[in-house]
């Protein structure tokens, strides 16, 4: 009995000890949970130093974390992987297979979409519907979006022969959930920046497996619309028309059109699938392509390979008058928009018509909003009036140079200087003419080969203008820095022509040879060097700005040398030096192309109309400035012109005298023209025959002596 009592007491003690231990563990666990729950989430409390990074956990029971970056003394969220969907809760609640699949090991794989895909294909491979309800209930936070994207990608890679309408509908519902317009901002925080590209590729890949029989298939959700049909040569043409909401109030339309002529190349029957996305363009812009704005529906097409060209009609989302559209196809391998596969046929304020070439690489198409271009009637008038005045001024400049060439090129330095001025005027004249030709060739219906030729010559001649300005600057430096060593005239002339024409020809030829084979030489909207795809425009901008810098240094040296000569002189001489410096700056600025340096201001502040007006005035009238500062204000040219004009008056008076001689011969009197050689005034006197006057030219009979 005593033994039993002792055993009972011992069991009671053990029970109390276990109970107390359990209570202690529970309290410790509770305290631990309290400590975890009081950890901050959603913001950083540390010192914010620019470009410093901070990581914080997600809210309780939500796996993942959030990353913050300090900018301008404030924390900004940059990534987030918080998610609520796992392999436990993504399937419907009445499913027991999830709990038993793999036993306790499932907890190790709850964060892996591959495991969810395996479970999905085991539980409901026929319709993929066992995850739809919980996906639709889940919040559209970045972690959930990333998990669903990966799940859709894994489903699209599962070997399936034919995807029926039911599976496609379930797939579209899952995609529709994360394509919602309210989720666009959350795409920016997904750590995998290419998630939107993966989604587009996955949807297109899955749709490629869609089985279409005699009856068309149409699956219409709010943010994804799929249409499948059969193509036949007997069709009069095939159209896929979509009208979808891009936000709560706005609808836009899109249309895929296959002409009857194109259908004749297609084997009959053939399958065709088209998918429209109203929000995917904005999602792509938000997640990977911040600088490119999609301005219409994204239209995907799965077509027979024999179809080489299709027409697409896009209604513009933003109907801005000063923003042109660009047709483009999505490069599925390089994850970027490419203009080369599409051609813009027509554009107005409401819609754009494109011709595109679909392939395995290019299955999705849309229209992009062209980079902002400041357009103003004032700029247009300045450009056209300035070009007209520039062309007329350059023709007059070359005429004056030809008229006085012999008088102003007697010395070597003056000969080289006028060679530079004449070639600057010639190349600028040709550049302006080709610029006008290129402007007429630009447009939706442009001729590609003619546009390439015009762009090449505009590029070449404008570069030649700059390089001849560089040649003139180098000639000035040669005169300033090299005093005692001179080069032969033929060597200098050869060097000037090599710089003025050889370098531009080399740059222009390399540019067209490197970019045109890939259709990256021209801009989509104009006959000019491409920027968005190949950065071919740098082949003009970099040499031009480099030459402007060199010429600016040259002008600075001229100013310093002119100013140094006036140091220690009288006030009057210093004033004359200032006037001389100002005159040098006024003459050299247009001749050395320094006005083009003002274009930097238009790049830094593209929205300023004042900068654009000043830049247009300075450069549209550059030919006029060259005429004034390079020709008319040159004293030697002015004197030579006066000599030519007075010489013409003298010849006119000689002719007049000859006429008078013929009328006076009957009276026995002759006419003498008296003139000083410098000013060419004249006077008439009646003399007796054979009379000679020293220092004068005598008209005797009908001959001058």
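Start at 1 and count along the chain as shown; that gives each residue its number.
Glycine is treated like the rest: Cβ placed from N, Cα and C.
Quick look at what TrEMBL lists:
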- 229-375: domain 'GAIN-B' (DOMAIN)
- 379-634: domain 'G-protein coupled receptors family 2 profile 2' (DOMAIN)
- 1-21: signal peptide (SIGNAL)
- 378-403: transmembrane segment (TRANSMEM)
- 415-441: transmembrane segment (TRANSMEM)
- 461-484: transmembrane segment (TRANSMEM)
- 491-514: transmembrane segment (TRANSMEM)
- 537-560: transmembrane segment (TRANSMEM)
- 581-604: transmembrane segment (TRANSMEM)
- 610-633: transmembrane segment (TRANSMEM)
- Quickly jot the same-chain residues contacting the transmembrane segment (378-403) by Cβ under 8 Å, restricted to those at least six beyond its ends, or write none. 418, 421-422, 425-426, 428-429, 432-433, 435-436, 609, 612-613, 616-617, 619-624, 626-627, 630-632, 637, 640-641, 644
- Query: Restricting to the same chain and to residues at least six past its boundaries, which positions have a Cβ under 8 Å from a Cβ of the transmembrane segment (415-441)?
  - Reply: 387, 390-391, 394-395, 397-398, 401, 405, 408-409, 447, 450-451, 454-455, 457-458, 461-462, 464-465, 468-469, 471-472, 475, 489, 492-493, 496, 500, 526-528, 591, 622-623, 626, 630-631
- Residues of the same chain, at least six outside the transmembrane segment (491-514), with any C-beta under 8 angstroms of its C-beta? 416, 419-420, 423, 427, 452, 455-456, 459-461, 463-464, 466-468, 470-471, 474-475, 478, 521, 529, 534, 536, 539, 543
- Looking only at the domain 'GAIN-B' (229-375), what are its DSSP counts of helix, strand and coil residues? 12 helix, 70 strand, 65 coil
